[in-house]
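What TrEMBL records for 22-115 is domain 'AAA-type ATPase N-terminal'. The domain 'ATPase AAA-type core' annotation in TrEMBL covers 201-273. Feature annotation from TrEMBL assigns domain 'AAA+ ATPase At3g28540-like C-terminal' to 275-338. Taken from TrEMBL, the feature region 'Disordered' covers 382-411.
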Amino acid sequence: MNSVWALLASIALIRTTLYNYLPEKLRLYISARFEEWTRRFNTDETMVFKDYQSSKMNQLFQAANLYLGESLPTISIPRVTVEKTENVRNLTFSMEKNTEMIDVYENIPMKWKYFSEYSQGMSKHEIRWYELSFHKEYKSLVTKCYLPYILERANKIKERNRVVQLHTAAHDFWTPKPVIIQHPMTFETLAMDGNLKKELVEDLDRFMNSKEYYQQIGKVWKRVTLSGLLNFFDGILSCCGEGKILVATTNYKDRIDRALLRAGRMDMHIYLTYCTFSAFKQLALRYLEISDHSLFHHIEKLLPKVKVSPAEVAGELMKTRDPKASTEGLIKHLEEKNFLQLIADGNSEVSPKHHSSLSQTSNCQVHKSSISLPLACNGASMDNVKSPGPKPDVSVKSKLTADGEGDNNFEKTDLVRDRSSRHNILQVIEDMEKELLSYKEAIIALQKKSCGTLNKLAGIKATI
């Protein structure tokens, strides 16, 4: 023990003597040579990543910050810094200063250390850097594979955490606090045909994973061009910018410039039809949290006949949270829309089904009705105007289906002659007359609209 203390005292004495009597340049030379000699026996190599290099932000430092921050929640480390800002979507993790962690890449341990200190001088600012230590034999692997891998992963993390911000102009400057756009609609909640949605998602995923393929075939990694910006995208955007997807929508495809429909302009054409049964089931699952119901087969038969948008169906489903009541309301809405649609198409043999009494034991429906209404165009009344005929025939059917709903077939039977049944039938007839009155008002509105169109056509014809 005494010999150890004697050795340490001798080393301290020699160090003090060299520091006091040797010139500074000679001391630095001896120190450098000593470090070089000891480095030969060291098997590790260290790389330093400073936050700023030549007054510019070091991309490797930023990439290491994102990459290591993603791994921190899954490893054991004494202290971790956690933060959340408006510019990122998720929590951000980072290392505390003077701490270290081990990252494993292809079964090779990579030791990371984080340091931070303040500069000396008038303007004090924080200096941050990472030190990466690894075995010497893996230097080529680190420079050619590991560091590019970190840069690629950091870009994906940055894109995943990115939020879309909306800035508004106020006089000569932009508002300092933007509005963060977080739309709740996703492809999972989007109501459209299931097969079309699957095809669309697969196409987008294929495009997003084809950056190297686009470079290989010599095409710019972008999607869709618009007619007014063809020169811009084919010129400027071809040499700068990639990863672009643009969507052009129209209600009149026949009016689009043919230049946009050429091969190579549009990568994918998507026809969004009216609400289908597949889209309805997605809406029912989202709004009513049901995947099947006994009334779904009625809706499946009605949807191909009625032109109704998914938004209109969603509006009907939102009127009540009760699945049965909501589904019955949608069926009634589709029946009324189908009836008006048939009348607008000129179908005179229309028999409206009365679906408002699905749960009643007695189901009374109109067998046939013929309504003629007066119509006046340009002040001239139409001849041969018939007044509304007698009350429509009414059929009573008390037979129930297996699920307790009334059968909706139009069968004519003898009226039940007892007073109670007669009272119920009269009440139902009153309800039917009110409903027919609403249909009558709708028909009048359609006829007035037709008159207005005829007047406009007559005016155009007279002008020509």
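The backbone N, Cα and C atoms fix where each Cβ goes, and this holds for glycine too.
How buried are the listed features, and what sits near them?
Helix, strand and coil content of the domain 'AAA-type ATPase N-terminal' (22-115), in residues and according to DSSP, is 32 helix, 35 strand, 27 coil.
Per-residue pLDDT, averaged along the domain 'ATPase AAA-type core' (201-273), amounts to 68 for this model.
Counting residue by residue with DSSP, the domain 'AAA+ ATPase At3g28540-like C-terminal' (275-338) contains 42 helix, 0 strand, 22 coil.
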